[in-house]
Amino acid sequence: MSFEVPSPYVWDDSFRVAYDNLDSEHQALFKCIAKCAENRADAAALADLVKVTVDHFADEERMMAKTNFSGLPEHNKIHSEFVAKIKSLSAPLDDATVAFAKQWLVNHIKGIDFKYKGNL
């Protein structure tokens with residue numbers, strides 16, 4: 001399922017997962033992807049996206065593990081695949097890569113992360 005990518009590319013309340021720390025981290029991910037989109041040749045922006053993503057996924061998976069969330073194995077696999085993808089990238093980023101990252105985050109939050117709302 002594909003969800004509409006907001007324009008401008010900013011986090012809004014429609015992405016709220018109801019855990020303040022994760023909502024803040026999701027906001028940071030939106031900002032990192034937007035920065036990469038605006039500065040496609042900026043290797044530091046891409047490195048920051050990788051770091052923020054890895055840190056967020058670790059926090060989210062820790063919360064899932066603490067509550068024995070049944071979707072953790074699938075969620076971990078999805079996270080691992082995305083991290084591998086963004087770690088393989090190098091600047092400058094092309095249009096397709098930027099579009100992929102924007103769409104992936106939107107779909108992931110609304111289609112995957114929403115499954116844990118109220119369960120962590």
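In case you wondered, yes, glycine gets a Cβ from its N, Cα and C as well.
What Swiss-Prot says about this one:
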BINDING   H26, H56, E60, D113  Fe cation 1 binding site
BINDING   E60, H75, H79, H108, D113  Fe cation 2 binding site
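Positions of the features from Swiss-Prot, shown on the structure.
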residue : record                   : Cβ contacts under 8 Å, 6 or more apart
H26     : Fe cation 1 binding site : W11, F15, V17, H56, L105, I109, D113
E60     : Fe cation 1 binding site : L22, E25, H75, H79, D113
H108    : Fe cation 2 binding site : I78, F82
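Counting every protein chain shown, the number of other Cβ atoms lying within 10 Å of the Cβ of D113 (Fe cation 1 binding site) is 20. In the three-state DSSP scheme, D113 (Fe cation 1 binding site) falls into the helix class.
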